[in-house]
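K.L.:
When I checked TrEMBL for this same protein, it listed these features:
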DOMAIN    23-305  domain 'G-protein coupled receptors family 1 profile'
TRANSMEM  6-31  transmembrane segment
TRANSMEM  40-63  transmembrane segment
TRANSMEM  83-102  transmembrane segment
TRANSMEM  122-145  transmembrane segment
TRANSMEM  169-193  transmembrane segment
TRANSMEM  249-269  transmembrane segment
TRANSMEM  289-308  transmembrane segment
Amino acid sequence: QSIAQEVVGLLCMVLLTLTALVANTVVMVVILKTPLLRKFIFVCHLCVVDLLSAIFLMPLGIISSSSCFNRVIYSIAECQALIFLNVCFISASILTISIISVERYYYIVHPMRYEVKMTIRLAVAGVIFIWVKSVLITVLALLGWPQGNGATSASRCTVYWSPGAHKKIFVIIFSIVCFVLPTIIIFAVYCSVYRVARMASLQHVPVPAQVAAPRHRSDSIASQVTIITTRNLPLPRLTPERFLGSYKAILTLVLIVGQFLCCWLPFFAFHLHSSVTAGTVGGGHGEMVVTWIAYSSFAINPFFYGLLNRQIREELARLRRSCLNRPLGQELCLSVSEASVPENFLQFLQRATCTLETHASCISPSPRNRLDQTKMGFPIPGQVPEESS
């Protein structure tokens, strides 16, 4: 039974590593090859971090976690290098996810401010901040390590191998900086997104028939803008569209925040518990399990932050079609209504709140006004522009 468990565990670790390699490479190549997708610079950076983790960190994690490699011996320098990669890549990945959440917040709630302030210089500064902070945290982890030509087995090469009073301090700082604060940021951001979702669902209810008609009708564009007296309107009812919008908002919040917590909460909870209850912990089955649950984030991130994006998925379908020389009619590409719920819902919110910066009302035009707008060739003031799918 133990041999079967070891084989199954080894296969799962190898499968996660291969998935992280392929998925992150695909998303990164699609973003870099498509000029219109290069605005997803932080998503591309997340794929780079996760790809580096899949190349360097996860194979070393397989050697440290599987009993098939019990005879592998690490020197002090090799073990320090493994700890450096572990802490640095984990910090960089989590900090990048936090910045992506903040970027989405401004993209949705303050789209005009986002278009003005989101520049290449700001993006590069964000990437530099991520790596500087990750390296500083890693240096703190390596303080107090023994010097010399000592060695240890691969299974004992953990942050607890070098005992010291500062290990407890490091684990607490590491957990606060790389888990507690990012969790608060992510949760607060997507709660704000949920509130915007409710506002958008209220703004996109059908317009009531009680409208104030102008006395003198003309053919100008201004005469086609409907003036609604909001104080005389009844309270909006819970329509199916509003219910679906709230459901998608909750689903988006649960998927993104839930995936982050499921991957990283066991890892940091285990290390906090170990550092508080015991001074020295030398590996073990529990640490191996929570470590690979955390490593699974490297394989899941490209799906949640890359392939769920409709634009990235469409470009991937075009690249696949060009490689297979398929005709245009056979392209496997999802429409807006068939695309994934989280990313399309975020794009819907960005369109629905595009007028929040100017404090204008997002009023759905009537079929007549929409037809007149199409004929005239330019938008009616106050109307939310729609993307062509």
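Just so it is clear, glycine is given a Cβ too, placed from its N, Cα and C backbone atoms.
In terms of burial and nearby residues, how do these features look in this structure?
P.N.:
Remote same-chain partners of the transmembrane segment (6-31), defined as residues 6 or more beyond its termini with a Cβ less than 8 Å from a stretch Cβ, comprise 37-38, 40, 43-44, 47-48, 50-51, 53-55, 58-59, 61-62, 65-68, 292, 295-296, 298-299, 301-303, 306-307, 312, 315-316, 319.
Beyond its flanks by at least six residues, the transmembrane segment (122-145) meets 41-42, 45, 76, 80, 83-84, 87-89, 91-92, 95-96, 99, 159, 162, 164, 166-167, 170, 173-174, 177-178 of its own chain at Cβ-Cβ distances under 8 Å.
Counting only same-chain residues 6+ beyond the ends of the transmembrane segment (249-269), those with a CB under 8 A from a CB of the stretch are 94, 97, 101, 174-175, 178-179, 182-183, 186-187, 190-191, 193-194, 197-198, 289-291, 293-294, 296-297, 300, 304, 341-342, 345-346.
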K.L.:
With Cβ distances under 8 Å as the criterion, find the stretch in 40-63, 83-102, 169-193 that has the most pairs with the transmembrane segment (289-308).
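P.N.:
Ranked by Cβ pairs under 8 Å, first place goes to 40-63.
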K.L.:
At a C-beta cut-off of under 8 Å, are there same-chain residues at least 6 beyond the transmembrane segment (83-102) that contact it? List them, or none.
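P.N.:
Those are 42-43, 45-46, 49-50, 52-53, 56-57, 60-61, 126, 129-131, 133-135, 137-138, 141-142, 157-159, 174, 177-179, 181-182, 185-186, 189-190, 256, 260, 264, 294, 297-298, 301, 305, in sequence order.
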K.L.:
Give, as a single whole number between 0 and 100, the mean pLDDT over the domain 'G-protein coupled receptors family 1 profile' (23-305).
P.N.:
79
